[in-house]
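Asker: The domain 'Acetyl-coenzyme A synthetase N-terminal' annotation in TrEMBL covers 25-82. Per TrEMBL, the feature domain 'AMP-dependent synthetase/ligase' maps to 84-469. Per TrEMBL, the feature CoA binding site maps to R193, G194, G195, K196, T314, S526, R587. What TrEMBL lists as ATP binding site is G390, E391, P392, D414, T415, W416, W417, Q418, T419, D503, R518, R529. Sequence annotations record features per position, and here TrEMBL assigns domain 'AMP-binding enzyme C-terminal' to 534-612. According to TrEMBL, the feature Mg(2+) binding site maps to V540, H542, V545. Per TrEMBL, the feature N6-acetyllysine maps to K612.
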Amino acid sequence: MTTANKIYYVPDDVKERAFIDRPTYHSMYYESVEDPEKFWGEHGKRLDWIEPYTKVKNTSFEYPNVSIKWFEDGVLNVSQNCVDRHLKTRPDQTAIIWEPDDPETPAKHITYKELHEEVCRFANVLLANGVKKGDTVTIYLPMIPEAAYAMLACARIGAIHSIVFAGFSAESLAGRIEDCASKVVITADEGLRGGKKVPLKKNVDTALNHAPVVEKVIVVRHTGGLDPEMVSNPGVDVDYSRAREEVADVCAPEEMNAEDPLFILYTSGSTGKPKGVLHTTGGYLVYASMTHQYVFDYHDGDVFWCTADVGWVTGHSYIVYGPLANGATTLMFEGVPSYPDASRFWQVVDKHKVNIFYTAPTAIRALMGAGDKFVEGTSRESLRLLGSVGEPINPEAWEWYYEKIGEERCPIVDTWWQTETGGILISPLPGATDLKAGSATLPFFGVQPALMDADGNILEGPATGNLVILDSWPGQMRTVFGDHERFVETYFSAYKGKYFTGDGCRRDGDDYYWITGRVDDVINVSGHRMGTAEVESALVAHPKVSEAAVVGYPHDLKGQGIYCYVTLMEGEESSDDLRVELRKWVREEIGPIASPDKIQFAPGLPKTRSGKIMRRILRKIAEDDFSNLGDTSTLADPGVVDDLVENRQHKA
Ligand code: ATP
Ligand code: MG
């Protein structure tokens, strides 16, 4: 494609300011893989340890005896590292900026000193309600500061949190509560997103019918909209605002082993039933804080905004744990990018003078689709660096982000990682890495990616294959909660001795990595293997197309045909002429082999609640096998599926 080879060089001012320039990247990377023991032994010291570790790395990917331990005899506390240790140096610095859903509601600035008090009080409320070290606590909260307080409070007393995104239904919540047997659930009266109220407490009450393990529900007052129902279950419900007043404002952090669990988090469910990913204390925090500092080149005083929800791993590592461990100012946004209109992100950037902005391709594509007029009235001059995570970013969207949002001044870090990896594994470092639109570029320190062919051979040089990681890094998940066998089978059985990511990937002549999507999303058309992402990028590059999802379907002659679901830009009309035009466009962009067989215009695509396109559902519809769509509990809007089935192209 036209833009794929363009190189965006590191600007001089970025290079000068950065912690890591190119020679430093190469020498540190070399050290990190030559002698991980020494490298991580050194970098582990970025945290405060109650008992320093003497052992650094004790890991094995050998099937089936996979075992991962980092800093295994070290003792520390995550909340002490994220809060208490900053009290001496920056007590009055803002730790969290909270921007509410409604722009008219005042924002909050919470200092480290205030954060300390809030976390201690929350921890004491948990203790008073019987939570002990090693217990699991389910958190079902909107994006309010209490979500961060609750996470850090759990970490403070050694409880394992499991956050369930507040957009999930009562049934999904019940399943996750039961899976990790939480006796305590933390929720709010209501959430607020895009001006709409979300009945969180009511959902918890419904979930409790299917989750009898729950003994206490701690309810934070947020909207104040449900007053009488705050105590619908006497003896179970705890009014947090009252409980908070009744406890002390100090709470000693529990001494935790580096390998004690910190949290459980369920994956997005793009490819099947979500997995309860377990992360532990020491390695996770070392990795989250180090990637936050270097990938985002975070310097003291910067304002950092990650737009994810704390219900996803991105929110765990880059709203709460990484930034706070680094003494950063982190912005937490309650709302959505489109409310009150598609200018909101940029208005918030201007309002709080955000320097580093990290979001997902789904948001970038949606805002691009809404039109440039929503960008034009805003300044964005505080921005220095942009980031992307969650899906491959199409070059078209990358360029729009780079040109329109960053005004060609801000490098983009396209960060590839997974819930399982705890932190970013492949990404540019802004002061070190020249950029190519759509490439996640190079591995972070200690990360050894490799590409495999279907027969289990490692591919050298420029190649396309399945992405594996050859050795452990500190932020890696340790197990699937309660199902170690599923952990071993899912990640270590396909290629023995290696961590299999499930993603397909291409490496170019500069050793840059390009994630092509899920391995399942590779299609074979007349003997040519191609990633569906490539066809999608071509479609999105058309001026009338806002989003596209491409899947294969059985085709008599070609083996697999190319089925495209296309969402048009605001104000564009679908027509047969446009179908012909798009087909021609893709042939010109990629070649005749990629010519779409079917194009279905779709007002909406099925997405997970974290905004990822669920291609497995689209595949079923394209295959005319829509009676069994698999696990759809993580779909954001199940309604779009009916429309897609109704308008499928096979009937024609
Ligand atoms: P499940 O594992 O339940 O199917 P999921 O894989 O969507 O869900 P996450 O852990 O949230 O759950 O997402 C990780 C995946 O997201 C990666 O494996 C990759 O496919 C995709 N991804 C994340 N960041 C990027 C990126 N920068 N470029 C390309 N793909 C990305
Ligand atoms: Mg996954």
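Quick reminder: no glycine exception, Cβ is built from N, Cα and C everywhere.
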Asker: Can you give me the Cα-Cα distance between G390 (ATP binding site) and K612 (N6-acetyllysine) in Å, rounded to a whole number?
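Answerer: It is 7 Å, counting Cα to Cα.
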Asker: Near the Cβ of G195 (CoA binding site), how many other Cβ atoms are there if near means within 10 Å?
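Answerer: Result for G195 (CoA binding site): 11 neighbouring Cβ atoms inside 10 Å.
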Asker: Let me spell it out: for each of the binding-site residues (K196, H542), count the other Cβ atoms within 10 Å of that residue's Cβ, using every protein chain shown. Which one has the most?
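Answerer: For the binding-site residues K196, H542, the Cβ with the most other Cβ atoms within 10 Å is H542.
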Asker: For S526 (CoA binding site), which residues of its chain lie six or more apart in sequence with Cβ-Cβ distance below 8 Å?
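Answerer: Once residues fewer than 6 apart are set aside, S526 (CoA binding site) is near L557, K558, G559, I593.
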Asker: Taking the residues the record says bind ATP (G390, E391, P392, D414, T415, W416, W417, Q418, T419, D503, R518, R529), how far apart in Å are the two Cα atoms that sit farthest from each other?
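Answerer: Roughly 28 Å, rounded to the nearest whole number.
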Asker: Under 6 Å from ligand 1 by Cβ, which binding-site residues from G194, K196, T314, V540, V545, R587?
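Answerer: Qualifying residues: none.
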Asker: Under a three-state reading of DSSP, tell me whether S526 (CoA binding site) is helix, strand or coil.
Answerer: coil
Asker: Sort out the sequence-distant neighbours of the residue listed as 'N6-acetyllysine' for me: same chain, 6+ apart, CB within less than 8 Å of its CB, listed by position.
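Answerer: For the residue listed as 'N6-acetyllysine', the qualifying residues are S268, S270, T362, G390, E391.
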Asker: According to DSSP, folded down to helix, strand and coil, what is R587 (CoA binding site)?
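Answerer: In the DSSP reduction, R587 (CoA binding site) maps to helix.
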Asker: Quick check: of the binding-site residues listed here (G194, T314, T419, R518), which one has the Cα closest to that of V540 (Mg(2+) binding site)?
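Answerer: Among G194, T314, T419, R518, R518.
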Asker: What is the separation, in Å, between the Cα atoms of T419 (ATP binding site) and R193 (CoA binding site)?
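Answerer: Just about 24 Å between their Cα atoms.
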